[in-house]
């Protein structure tokens with residue numbers, strides 16, 4: 001009876017003992033981790049408004065993922081290869097699920113979301129306090145009552161999101177370095193670029209799902225089910241609107257946990273691809289045994305770890321590749337993270353629509369670029385030198401094309417007393433704001449309240465009171481204000497809730513912006529595979545896992561963590577009006593100075609990415625100096641067969657005896 005069960009168990013293990021099955025499981029792991037990451041990036045604006053925090057704190061929350069990753073990335077990358085790599089990937093996916101669940105907790109621990117407003121949703125009487133009434137005292141000032149102020153502790157709930165994102169970053173750590181090294185170790189060298197290309201294309205399902213789920217949740221009110229949405233005086237286009245961000249994180253938690261299950265069934269090692277087809281499994285077993293014996297003869301795992309690190313630090317091509325990666329991430333991360341905010345404030349669309357358009361236009365072009373690039377690398381057998389040249393040319397083309405976005409400008413939304421005068425004359429960003437005018441001085445209005453209305457004269461006002469409106473009709477978001485003294489010059493003196501919409505010319509420029517984005521993403525993804533192959537092939541086989549981990553470490557330390565924080569702080573400097581908390585403290589930014597925001601959003605990343613050109617030329621020069629036998633086939637390129645530089649020779653001499661012992665094994669493996 002035990003024999004059939006044993007056969008079933010062996011058959012089940014054999015089903016998972018294939019590199020292509022592992023590739024499929026790794027694709028789903030990439031999809032789940034990218035789904036969580038993309039969804040987080042689409043919800044940053046919602047979190048900013050939910051917790052009434054600045055953009056710099058939002059950047060800190062976003063960077064906390066990299067902090068978690070940074071804590072363990074180097075040790076996972078190196079020591080993970082000594083352990084069971086598939087199981088470590090499975091544990092990482094489960095930990096990511098836990099992090100997503102913790103992120104969603106504040107919704108269940110906080111009370112209902114209260115947006116800044118003075119308007120009662122059912123008010124339609126001319127005596128309401130938010131309207132213009134002569135000789136009235138300001139009874140709606142921000143409270144200074146300690147009992148009320150203590151409620152503002154709810155805004156500190158963003159710390160749960162911070163901690164959850166750190167845990168999510170820790171869980172994500174083993175997936176890329178251990179997954180890529182597992183494929184590199186057990187796949188044919190000529191199939192490796194294709195498999196990585198398939199992986200890059202397959203993982204694009206993650207952004208597609210994330211960009212679909214983001215707008216869906218953003219259009220649902222955060223407290224849906226517990227409030228009557230008909231009574232809301234805000235819509236998804238309002239900068240105070242908060243979508244149901246917590247729903248998506250619960251979905252991501254479940255997906256990550258389910259994704260972890262298959263990895264617990266993969267073996268620690270696989271037969272080298274091609275050997276099992278030739279019946280040469282015994283040769284692979286001997287090679288594995290020889291490799292294990294060599295490891296046992298090492299003086300110690302810690303010493304080997306530091307020797308490999310020294311090897312990598314003495315590799316000039318590797319270090320230049322790391323430098324270009326850091327500069328690239330500094331530029332690209334800022335563009336990706338804050339693109340929804342830029343589209344919302346520059347082109348006047350809702351956050352949900354911005355997220356949907358980003359996914360619709362960018363995901364297909366990136367997928368096509370990855371697939372075409374991987375296919376070309378395999379079929380044409382691009383050499384290392386040609387791959388470096390192709391990557392640099394494509395990257396420079398993408399950078400130059402992105403500069404065209406500077407020409408696509410929309411006018412700043414006219415807001416009386418903020419961006420324009422009450423006569424409609426545009427004001428400079430540096431000018432002192434004058435919220436009061438002759439038409440509303442008698443109303444004794446609050447000047448910090450953000451309840452924007454759009455007059456039929458095309459000018460927006462910060463509140464119905466500042467527009468001089470004396471009467472309101474209707475309820476909820478359909479409320480109309482009448483008898484507005486500041487609008488009477490146009491012949492009709494009514495206003496509706498919300499900022500005025502941008503003109504059709506701005507909508508056309510949005511389309512041009514998105515089309516340019518499509519081509520930029522396509523060129524960027526085309527350059528990724530050849531650039532990544534240069535990075536992989538500049539290391540020895542046994543150094544790749546640690547090299548990938550070190551690269552990820554530096555990218556997170558010098559780009560992933562600081563970039564969203566300093567960029568968010570710079571964006572805060574372009575804020576025109578801050579929301580107000582109950583105790584009078586500033587909350588989330590309600591509107592930005594569009595021209596300054598545009599110059600910052602497009603200019604700083606362009607400068608950072610443009611600085612990559614210099615180290616890229618040095619990489620090309622170093623590659624051309626290398627004497628690579630048989631550089632006609634990319635599968636034959638390994639640094640161990642090249643002529644080392646003077647600096648590499650100096651570093652190698654310190655552990656020459658160790659290298660001699662393993663030289664025969666290394667050549668057999670290569």
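In case you wondered, yes, glycine gets a Cβ from its N, Cα and C as well.
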(message) Could you confirm whether, in Swiss-Prot, the topological domain containing residue 133 has the same name as the one containing residue 43, so that both are on the same side of the membrane?
(response) yes
(request) Tell me which range among 546-571, 572-597, 624-649 Swiss-Prot lists as transmembrane segment. (result) 546-571
(request) State the residue range annotated as transmembrane segment by Swiss-Prot; the candidates are 118-142, 243-267. (result) 243-267
(request) From the ranges 282-305, 354-377, pick the one that Swiss-Prot records as transmembrane segment. (result) 354-377
(message) At a 10 Å cut-off from the C-beta of residue 439 (disulfide bond), count the other C-beta atoms across all protein chains.
(response) 19
(request) Across all the protein chains here, work out how many other Cβ atoms are within 10 Å of the Cβ of residue 486 (disulfide bond). (result) 25
(message) Say we define neighbours as other CB atoms within 10 Å of the CB. Which of the disulfide-bonded residues 454, 469 has the fewest?
(response) 454
(request) Determine the most Cβ-crowded residue among the glycosylation sites 52, 483, using a 10 Å radius around each Cβ and all protein chains in the structure. (result) 52
(request) To the nearest whole angstrom, state the Cα distance for the pair residue 454 (disulfide bond) and residue 439 (disulfide bond). (result) 16
(request) Calculate the per-residue pLDDT averaged over the topological domain 'Cytoplasmic' (268-311) and state the result as an integer. (result) 61
(message) Rank the disulfide-bonded residues 445, 465 by how many other Cβ atoms lie within 10 Å of each Cβ and give me the one with the fewest.
(response) 445
(request) Calculate the distance in Å between the alpha carbons (Cα) of residue 483 (N-linked glycosylation site) and residue 52 (N-linked glycosylation site), and round it to a whole number. (result) 33
